[in-house]
Structures are given as C-alpha cells and as structure tokens.
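Novice: Structure in structure tokens, see below.
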C-alpha cells in the first residue's frame with residue numbers, strides 16, 4: 001500500500017477533533033466531518049471544538065458536513081459510537097474507493113450481533129480494508145500534543161504500517177499490528193472493568209482494593225482474550241494492559257467516572273451525566289460472550305448485574321469478596 005496523504009475523520013467530538021489535530025500535525029491533508037449542523041457551524045466559525053475548549057484547530061483542517069467529500073480521502077478514521085458504526089459505514093459504502101482503509105476508533109461490541117468493530121466494517125463495506133485504532137489515550141492529551149502511544153491494527157500488514165506512518169507525529173506514536181481481534185477485545189473489555197474500578201474509588205475502598213480490582217480485572221481480560229483468539233503480547237500491550245491501567249486510575253475516563261458516581265450511590269441516569277459510558281452497553285454483551293465459552297469473569301459479571309438492576313453495589317462487592325479461595329493465575 002502506498003502512502004496515505006489525505007485523512008478524513010468522521011465525528012467532530014473531542015476524540016475526533018483530537019485525531020484530526022494529530023493527522024494535521026503529521027502533515028496529512030485532513031477533512032473533519034461532523035453530522036450535527038450546530039457543531040459543524042461552531043467548528044467552522046470558531047475553529048475550536050465545544051468539547052475541547054481552548055484547543056484551536058490546525059489551519060489545514062477542513063470541516064465539512066458533506067459525507068461524499070470526506071469519503072474521497074485516502075483513509076477514514078471512524079470516530080463514532082460503537083452502536084452507530086454500522087449505520088455510518090453503510091452510508092459510506094457506496095462513496096468510497098475499493099480498498100480504502102476504514103479505521104474504527106470506538107471501543108465496544110455491537111448489541112444483538114456480538115460483532116466487533118472491524119467485523120461490522122467488513123460486513124457493511126466489503127470492499128474496504130477494516131482497521132482499528134486503540135490504546136491509552138485521552139482526547140484532551142492528544143489534542144494538546146502531549147506524548148501518546150496507541151496501536152493501529154489491520155489484518156493487512158501493509159495497511160497497518162501505512163496507517164501508523166500516516167498518523168505518526170512528534171508526540172503521537174502509533175505501533176502497528178495484525179492482531180485485530182486482540183486490539184479490539186482489549187478496548188471493549190477494559191470499558192467494563194473501568195466501571196468496576198470507578199465503583200471501588202467512589203465507595204472509598206482504598207488504594208489496595210483499587211489495585212486488586214485492576215489486577216484481577218486484567219486476569220479476566222486475558223481469559224476472555226485467549227478464548228477469542230487474541231495474542232498474549234497484544235493483551236500485555238498498549239491496547240490491553242496499557243488502556244486498562246489508564247482507565248482504571250483517573251476520572252478522565254468516562255467509564256471510571258461513571259463507576260465512581262455509582263459507587264457514591266447515584267442512580268444510573270444521574271451517574272451518566274447526560275451520556276452513558278460505552279461500558280454500560282458493552283457489559284451485557286461481554287457477559288453473554290463469556291458465558292457462551294464458559295469463561296469465568298466475576299468482576300465483569302458483577303458490573304453487568306449492577307447495571308442491570310439485579311445487584312446493589314454493596315451486594316456485588318460482598319459477592320466478590322466472599323468467593324471461594326483459589327490459587328492465583
């Protein structure tokens with residue numbers, strides 16, 4: 001695959017804007033597509049995202065609401081929620097050239113189908129090259145140009161390398177991989193585990209409990225990954241352990257802050273602050289997939305039970321602490 005000189009970013013929220021900034025700093029021609037008219041007009045007029053106040057758009061970024069214009073780019077970053085990805089890719093399918101890389105930048109699993117993000121892309125746009133970008137990265141850090149490392153994966157090794165090269169800048173370092181499943185799985189699983197860590201923090205159970213929750217959560221991530229074909233080095237890398245460690249330690253993570261609010265006793269609607277964390281949607285799907293393969297995931301099961309109204313936070317914590325003793329894996 002040749003060089004990718006133009007990048008379109010679909011989604012003008014905080015993460016989409018941050019990735020557009022990164023691509024522009026890497027010297028790419030960047031188009032930022034925003035569906036919402038009000039947000040698009042604000043981006044054009046103010047050259048600043050409502051979600052990243054104080055961060056000025058790079059001069060080379062062109063903002064548009066025309067999907068066909070965005071679809072002409074050499075590669076497209078799809079920065080839309082996991083549950084609407086299929087709808088967006090279906091709209092893109094007739095507009096893109098064959099073998100255009102479509103890079104999912106959401107971390108989740110589709111409801112009903114249990115499809116990972118690249119599987120959705122492959123089904124909705126068979127002529128495209130599916131890819132995934134994931135890793136420990138907050139939009140505010142990336143937008144400000146703070147040092148960040150992520151993983152970009154595609155089964156097409158040349159495509160993964162070309163995407164990493166296209167997004168590489170002085171502060172944003174992408175590693176490339178062909179373990180698409182491992183990269184996707186790490187991002188989706190950590191969403192649920194970060195809610196658990198947030199509950200521990202919100203309940204003020206202490207640093208020891210938070211460390212235990214994060215570590216045992218990683219054990220669950222590895223179990224799930226092995227069962228679904230992920231490579232062990234991927235789970236120990238940026239998109240697995242790296243992302244989990246970050247999102248289980250700071251309220252900058254929406255899943256962690258959502259869990260903190262639940263731990264303080266807030267209801268789900270109040271804890272969501274107007275937008276539910278992706279882990280809320282992923283938890284029941286993750287549980288179904290774990291049960292289908294007989295994978296023991298007690299922390300994820302407890303989170304799903306709390307979110308489904310089947311257990312109180314205190315009952316979930318008690319259940320985890322009173323499990324039979326066992327050898328450490």
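Quick reminder: no glycine exception, Cβ is built from N, Cα and C everywhere.
Per Swiss-Prot, the features are:
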{"type": "BINDING", "residues": "15, 35, 107, 139, 254, 276, 278", "note": "NADPH binding site"}
{"type": "BINDING", "residues": "107, 135, 137, 190, 243, 253, 254, 255", "note": "sn-glycerol 3-phosphate binding site"}
{"type": "ACT_SITE", "residues": "190", "note": "active site, proton acceptor"}
Novice: Looking at the binding-site residues 139, 276, which sits with the largest number of other Cβ atoms within 10 Å of its Cβ?
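Specialist: Sorting the candidates by Cβ neighbours within 10 Å, the top entry is 139.
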Novice: Could you tell me which three-state DSSP class residue 35 (NADPH binding site) falls into?
Specialist: coil
Novice: Taking the Cβ of residue 243 (sn-glycerol 3-phosphate binding site) as the reference point, list residues of the same chain whose Cβ is under 8 angstroms away and which are at least six residues distant in sequence.
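Specialist: In sequence order, the residues whose Cβ lies under 8 Å from that of residue 243 (sn-glycerol 3-phosphate binding site) (at least 6 apart) are 107, 134, 135, 136, 186, 187, 190.
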Novice: Cα of residue 35 (NADPH binding site) to Cα of residue 253 (sn-glycerol 3-phosphate binding site): how many Å, rounded?
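Specialist: That comes out at 24 Å between the alpha carbons.
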Novice: Residue 15 (NADPH binding site) to residue 253 (sn-glycerol 3-phosphate binding site): how many Å between their Cα atoms?
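Specialist: Counting only the Cα atoms, the answer is 12 Å.
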Novice: Provide the number of Cβ atoms within 10 Å of the Cβ of residue 255 (sn-glycerol 3-phosphate binding site), excluding the reference atom itself.
Specialist: 27
Novice: I'd like to know which of the binding-site residues 137, 253, 255 sit within 10 A of residue 276 (NADPH binding site) at the Cα level.
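Specialist: The binding-site residues passing the 10 Å Cα test are 255.
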Novice: Please give me the CB contact count at 10 A for residue 35 (NADPH binding site), counting all chains in the structure.
Specialist: 15
Novice: How big is the Cα-to-Cα gap, in Å, between residue 253 (sn-glycerol 3-phosphate binding site) and residue 278 (NADPH binding site)?
Specialist: 11
Novice: For residue 190 (sn-glycerol 3-phosphate binding site), what is the tally of other C-beta atoms lying within 10 angstroms of its C-beta?
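Specialist: Around residue 190 (sn-glycerol 3-phosphate binding site), other Cβ atoms within 10 Å: 32.
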Novice: From the Cα of residue 278 (NADPH binding site) across to the Cα of residue 137 (sn-glycerol 3-phosphate binding site), what is the distance in angstrom?
Specialist: 15
Novice: Pick out which of the binding-site residues 107, 254 has the most other Cβ atoms within 10 Å of its own Cβ.
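Specialist: Ranked by Cβ atoms within 10 Å, first place goes to 107.
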Novice: Compute the C-alpha separation of residue 278 (NADPH binding site) from residue 255 (sn-glycerol 3-phosphate binding site), stating it in Å without decimals.
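Specialist: Spelling it out, the Cα of residue 278 (NADPH binding site) and the Cα of residue 255 (sn-glycerol 3-phosphate binding site) are 7 Å apart.
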Novice: Compare all C-alpha positions of 107, 135, 137, 190, 243, 253, 254, 255, the record's sn-glycerol 3-phosphate binders, and send over the largest distance in angstrom.
Specialist: 15
